[in-house]
Amino acid sequence: MERTLVCLILIFLGTVAHKSSPQRPDHLLIRLRHLMDIVEQLKIYENDLDPELLTAPQDVKGQCEHEAFACFQKAKLKPSNTGNNKTFINDLLAQLRRRLPAKRTGNKQRHMAKCPSCDLYEKKTPKEFLERLKWLLQKMIHQHLS
């Protein structure tokens, strides 16, 4: 009887300790929020960006967010030659082009979806490019949390 009671107490304490342990940080969510901050900083310097038109995905379907984000990363967003903040902007752009952490689930579904090529999206000004990128990041955060 005592052994059974001791075993039950140990099992109970083990489950309580397991549930109270901190969860691993969600690297994808942290990275997406960091990207939102980068976009906000780039919007401050949008007058210092090269006015070249850029491919900016819009109305991205549910399984194509990562591919659309890759289109944003491939765009030739760069500082203008006349800007005073060229080094700072280049640092922000380098952070923007870093790869996203892998998702834990749903990778198989994402690869089965037919996503449009980057060339099929409209070209927009840097201001609208940043607005659409911000919208996509918000959508990715919302979908990741749900």
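Placement of Cβ uses the backbone N, Cα and C atoms for every residue, glycine included.
Just so it is clear, the model here is predicted, and its values are computed rather than measured.
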Fill in the blank from the handout: Of the candidates CYS115, CYS118, the one Swiss-Prot records in a disulfide with CYS64 is CYS115
Practice task
Name the residue from CYS7, CYS71 that Swiss-Prot records as disulfide-bonded to CYS118.
Solution key: CYS71
Exercise for the section: Would you count the other C-beta atoms found within 10 angstroms of the C-beta of CYS118 (disulfide bond) for me? Expected result: 17
Handout entry: Between CYS64 (disulfide bond) and CYS71 (disulfide bond), the C-alpha gap once rounded to whole angstrom
Key = 11
Problem - Integer Cα-Cα distance in angstrom, CYS71 (disulfide bond) to CYS115 (disulfide bond) - result: 11
